[in-house]
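As recorded in TrEMBL:
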BINDING   9, 10, 11, 12, 13, 14, 15, 16  NADP(+) binding site
BINDING   103  NADPH binding site
BINDING   188  L-homoserine binding site
ACT_SITE  203  active site, proton donor
DOMAIN    353-430  domain 'ACT'
Ligand SMILES: NC(=O)C1=CN([C@@H]2O[C@H](COP(=O)(O)OP(=O)(O)OC[C@H]3O[C@@H](n4cnc5c(N)ncnc54)[C@H](O)[C@@H]3O)[C@@H](O)[C@H]2O)C=CC1
Ligand SMILES: N[C@@H](CC=O)C(=O)O
Ligand code: NA
């Protein structure tokens, strides 16, 4: 049988990794796919020093690949919502299958892209877009298809986890670690996407749609980054038996779907609390299976290429399958998506870690405790530290039981209005993840 021809658009970190894995494992990949898979053409702005392209045709015009009649599968590894979107839409219009690692594109334009793909009877595969090499989309769409998924919680940005780990373990400065993550090819073209939680929110949006069968709704995700975290809070959390991780949480409740990315205290004995460096981990809780955990490299050339190439093989295996019998893009049949609403963050209920900087006067703790109890907020534990030498302020650390975000906002406003309190109250959400 003739080999299937793929066209790679973008030959950076992931494009280069994808080319190399396809070349190195070509024989084994053909045994898995049932036929050979060849790179028929590459569109690149510059060559990748890690790739020996041999006689593979190269162009600087992505549309030469997209419009090349020899190419069966277009692999979009450019990134962003601009030319990448045009590449994907034009490939679909030309009747070509698409494989992409672009979570930004899928989270923001996925509904339109999948509709176009269904109209043309082509596949759009995107395993590499969430948690890099971890086959989490495959696990959710296929392995867990029997379940009603209750919640998904994950460390889904490798750059952010790498920064938090290096800062905690080696005391390195934020900017220094971020620069290393960029040099290693982990970070997004705009690294604020990593450190402000936008990249994790893109991935969480995709996970939530596949877990609960809802349309992609990135604009409704609550997003908070890691840039405001302090070493003091990391240390206080540890004294209480917790680690701070940047977590994406999607939970289904009767009222709606929670979709939120933020720093989170997790009990230190949970496996996910001990996921470090560029590694990612996703927990999925289903009604039949209970809690499950998926772990692996969340970024980097070949871990991500592992997912891209697996998608290419999947596409090749099902080329002749009736489009109606393929695994649906969002796990549920397109005409069976639910309109269960995404909840505004004020409607989300979580436990909290609070750090209040108080004047060293008697009675402050009692005033804070009263404000919380008047609003029905139960305190799990309180830790009052020694006054700090430089400002004489006493940090008070409180852990609360679960409370609606709206009620917590009201309590924090009242605490901040006290004369005995200096500066804003620090709040970090707490998840038990059982
Ligand atoms: N780096 C990683 O570890 C991971 C990246 N991704 C995603 O994979 C995609 C690619 O990311 P990277 O490889 O890291 O980015 P990169 O910046 O290393 O590579 C992108 C390449 O596309 C090229 N390019 C841009 N516009 C082009 C055009 N018009 N024609 C031809 N080439 C063009 C650039 O010159 C660059 O070489 C992004 O969507 C990213 O979010 C997903 C998972 C992990
Ligand atoms: N910038 C992303 C790359 C993979 O998706 C990350 O750091 O996780
Ligand atoms: Na993945």
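Each residue, glycine too, has its Cβ placed from N, Cα and C.
Less than 8 angstroms from the CB of residue 9 (NADP(+) binding site) sit 15, 42, 43, 62, 65, 66, 74, 75, 76, 77, 78, 84, 87, each of them six or more residues away in the same chain. By the rule that a residue counts when its Cβ sits under 6 Å from some atom of ligand 1, the recorded positions 10, 16, 203 yield 10. Taking the Cα of residue 12 (NADP(+) binding site) as the reference point, the closest of the recorded positions 103, 188, 203 is 188. In the three-state DSSP classification, residue 9 (NADP(+) binding site) falls within a strand. Sorting each residue of the domain 'ACT' (353-430) by its DSSP state yields 23 helix, 27 strand, 28 coil. Distance between Cα atoms for residue 11 (NADP(+) binding site) and residue 188 (L-homoserine binding site): 15 Å, as a whole number. Residues from the recorded positions list (9, 10, 11, 15, 203) with a C-beta closer than 6 Å to any atom of ligand 2: none. Residue 14 (NADP(+) binding site) sits 17 Å from residue 203 (active site, proton donor), taking the CA atoms of both as reference points. Ranked by CA distance from residue 188 (L-homoserine binding site), the binding-site residues 10, 13, 16 have 13 at the top as the closest.
Considering only the binding-site residues 10, 13, 16, 103, the residues lying within 10 A of the residue listed as 'active site, proton donor' on a C-alpha to C-alpha basis are 103. Annotated pair the residue listed as 'NADPH binding site' and residue 10 (NADP(+) binding site), C-alpha to C-alpha distance, rounded: 15 Å.
A helical conformation is recorded for residue 14 (NADP(+) binding site) in the three-state DSSP classification.
Within 8 Å of the centroid of the Cβ atoms of 9, 10, 11, 12, 13, 14, 15, 16, where the record puts NADP(+), the same chain has further Cβ atoms from 8, 17, 18, 19, 44, 48, 77, 78.
Among the binding-site residues 10, 12, 16, the residue whose Cβ has the fewest other Cβ atoms within 10 Å is 12.
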